[in-house]
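A short write-up of the structure that comes next.
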């Protein structure tokens, strides 16, 4: 082994934050410096030339300090005995560069901690705990410790539990020590089963049974029988959910039997490459919609980043593994936590009840968890388009007396939708001898016992077991797996997949038995064929670990050659680990130890111990009245705007890519000022249609503290009023996912759960004609701990989170909260609460530390159905200019958010609504269902008539009107009872987000964004074009029939190739899918092409720098280098690099004539991934792609973490002077800017695209290919029809080729 120092691992900003963290534990620490250390394991010597290549490979990131840093060394490295995902990718890159003498490269971080006195062993331990993740990393105080990275561990043997000698007691002890979470009747069942088999169980079999039969996996409570007040109930909880399908399952193609539900979609052209020719094309067919929503609550409480990240990853795998292979498309995320208690910003309703040591604080969850969820989606390439965020923690009355209710065990929701072919919805039969395959990453000792651990109340397990049950993520690997699945489903009837499942809770021990059971077979497996990056693991650890990014599948023997080709091209690892058998038995042999860790009849593993039976008695309690009549309106309004469920969610949104796929039509950000106020997400079905899909969420959990069934009805109602903004043909087109969280067994909670499921499943949804074809439950929502002598607990309210999905008729007709001030208009409230104005469970009650006695409710489902039909009709007729539903914070919040989205003011009059001023608070802040619509004055009567004809005449109230003057006034009897400037109101609403952003990211950037809210004159996004957006300058060339081929180039981890291909296809090119493996193998030569586009994503997961690993595998591979150099030097070629492709090509500048002065692109100034819509100016440059566009200013999608052009002031000025700069960021006034977020990455002079001297090679960080359609722009001028402004760039390319 030898080591090589690398770049600084932390920016000055991150270093300062870390120092403050460490000083809380060790005040004597004065400095900290961190740099990467690389460790290289060789099986032969490197030549001098190879050593140079290695040195250059490991030079990435910012410049480090040359002298050795001083201070105590904390060397953080991957846990010895494991191979990190970073190592696998870096070693692959090294091998691609011809460095085959390298066995492995591994990376650690050397932290040098300077202190005023020698650190004690206790202090060292405390600092080490801050610096590393003990699940996946180790800490050494000497470099030599890293030698252990390459040591070879001997496998550990299995053990058995001696029940033949010690009986049931032996199993009960194993249950406790192994954290199996077996119920008493399950212990009896297993004791009996193995006694009958005449042998002792192995530890592997016990863990496998525990995972397969955990509450997490088998949903025992939802399948239980119930007795209430002595009366046996006729339905289980699951039976009541299924009732919605039995009553109205039309257009549901798959429910309750697969990883996700499938519902009917519309027709369109699915755009993908032909397997044989690799040319992209449209395949017109039914594009059905799949829907899934998961929770990952337990892991997120323990380790928020990893918990949320793997939660998203697991849900994405569920979608991909639907039917016999499907395509995930768009994601949603939600969080519910206890009070944030932001330092220096503590709110009047926030107390400090404490928490157990083993879980992190609500604040830490919300600083780290959302980044984890967003990072996985970003790297995988799935846009995150909607969600929710709620905090709740309060001492309230219940059947148990006064007790603390809240979310110390958080809710982390990961969900989404995708598409699937009609012929792939049903899984196929598994043939005897079919190959059983693990696709994806290797086994590692992470996430052990996650299914069982998440089934226990938080605090009931041992802390080490808690931590061991959290998985770790590798999204780039999952992307590779999905590419293989994509290649399979794109083959249509020749799809080689017979059956597929994702690997989740319980690891292979759950996934493989489930695969063969569902396929009607048994399975014979060889343990040592499981890919394993941790050779020292025991059989239990190999079989049961929850390493992520894995799928299991069955492939017929005759299709293995095809499947192998697909995997090799995508560089996706797979292994045949067994074969399907006629005998219904699971047998796992272990050739290393020559034994069988598992040898069980399927009937034992899946045979059920007695079904759970739950007996409850109804109880009641006195609910104190919440009196709002004496409240100060101004104080109440400001408190509500600061409550996280109401406040701006910007800090949760801009971290997530919302443009990838090029099919996003409506994300959270609305209008020219990109206000985070949309409650519905809308995507197009493909690039050739206006049909699409919509999704939205609904949840009103605090209501459950006083009226659980109401909370369920209100959650469903909110999802519907959110979805109503999209153009959906009929209410029954909406299908719901229901995620149920409860503290089962806690007094009153079983009754709350049963009654709410009944209200939703047996009553409300059947009345509305709506089906719930998918869902999830988490039944252990209670945290218990000891503080001194005191026993403490925090119990979550019953929590139903609804996610609604529907096909959309026309994505162009999605309504938003942005108002149109071009003609006089009125704002109308449609009040589905019938003037009852109930305040129980409201934001108003919460900010005054109350919960109230009477909750809002959906009293009349027929009225909700009529409301939905009216909104759809009026939208179709063009009578509605804006729409926003009423929810958290009441109509006050609804109106404020409409003003923020429109950068305008409004005058609202309550004269017709309240006679007595003391009732204004109830009118303003009640959270009854409803919506506010903006209607032109000329259409007000027609709109009222429409609602009257639907029986809703008494529910429509004219509230007032919007106006350009930015004052927001609420008036009663001629007096302003509440008045603000729009800017002042918006800053109150945005401050919670700003504070979180300041703590998490570069605080200077957060402050600049916050300050920009004040600018009343900010014109917002605009499009000032020097060309006609609707002119097709490529038409004459397309009409000749010639379609020049363009290489749409990708590397492993790239995720934006489809939209790039679609844009060039529309411009008259024949887009060819080319993987770097095609070039390196010699299967494809660039000499055959005149055009190349390098796409965005995360090649190699950004290992060795963003785009740098990809570039170096070209620079240091003779075949690839020669091809790229020749291509760049030919005068008849052009190339475009976008985002990751830009980062890659900029690192190839030594091969490109006239690119000497190009910058590299490094970490954003904000220190955060930035997903924005930014204004750019097209500069006068020789870029052949931007000819005729100079002087134009228009919006463009931005989504990257490393886009800052690394060039000094002189270098930047020189690039400008030489006309090598093609695009630069400008603010909304059209001025070049350094200010955040108008310059999202902080590049000097706003530089975000450069070209070479002759203009043939252009690279840019923003994404024109994602917004080539007008409908794919988050905001667009109304004059645009089909084409967006950036389509001209692709047509310029076609014109240049002639």
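Placement of Cβ uses the backbone N, Cα and C atoms for every residue, glycine included.
Cross-referencing 667, 679, 831 against the Mg(2+) binding annotation in Swiss-Prot, which names 718, 722, 885, picks out 679. Binding-site extent for ATP: residues 307, 308, 309, 310, 311, 312, 313, 314, 315, 316, 317, 318, 887, maximum pairwise Cα distance 32 Å (rounded to the nearest whole number). In this structure the C-alpha atoms belonging to residue 722 (Mg(2+) binding site) and residue 887 (ATP binding site) are separated by 10 Å. Looking only at other Cβ atoms within 10 Å, the busiest spot among the binding-site residues 315, 679, 885 turns out to be 315. Cα to Cα, residue 313 (ATP binding site) and residue 1263 (active site) are separated by 24 Å. The most densely surrounded of the binding-site residues 309, 722, 887 is 309 (count of other Cβ atoms within 10 A of its Cβ).
Every protein chain considered, the tally of other Cβ atoms within 10 Å of the Cβ of residue 1263 (active site) stands at 26.
Sequence-distant contacts (6 or more apart, same chain, Cβ under 8 Å) of residue 1139 (active site, nucleophile) comprise 1056, 1095, 1096, 1097, 1199, 1200, 1203, 1260, 1261, 1262, 1263. It is 27 Å from the Cα atom of residue 309 (ATP binding site) to that of residue 1265 (active site). Look at residue 1263 (active site): DSSP puts it in a strand. All protein chains included, residue 1265 (active site) registers 30 other Cβ atoms within 10 Å of its own Cβ. With respect to their backbone Cα atoms, residue 679 (Mg(2+) binding site) and residue 887 (ATP binding site) stand 10 Å from each other.
If you draw a 10 Å sphere around the CB of residue 718 (Mg(2+) binding site), it holds 26 other CB atoms from the protein chains shown. Rounded to a whole value, the Cα-Cα separation of residue 885 (Mg(2+) binding site) and residue 315 (ATP binding site) is 28 Å.
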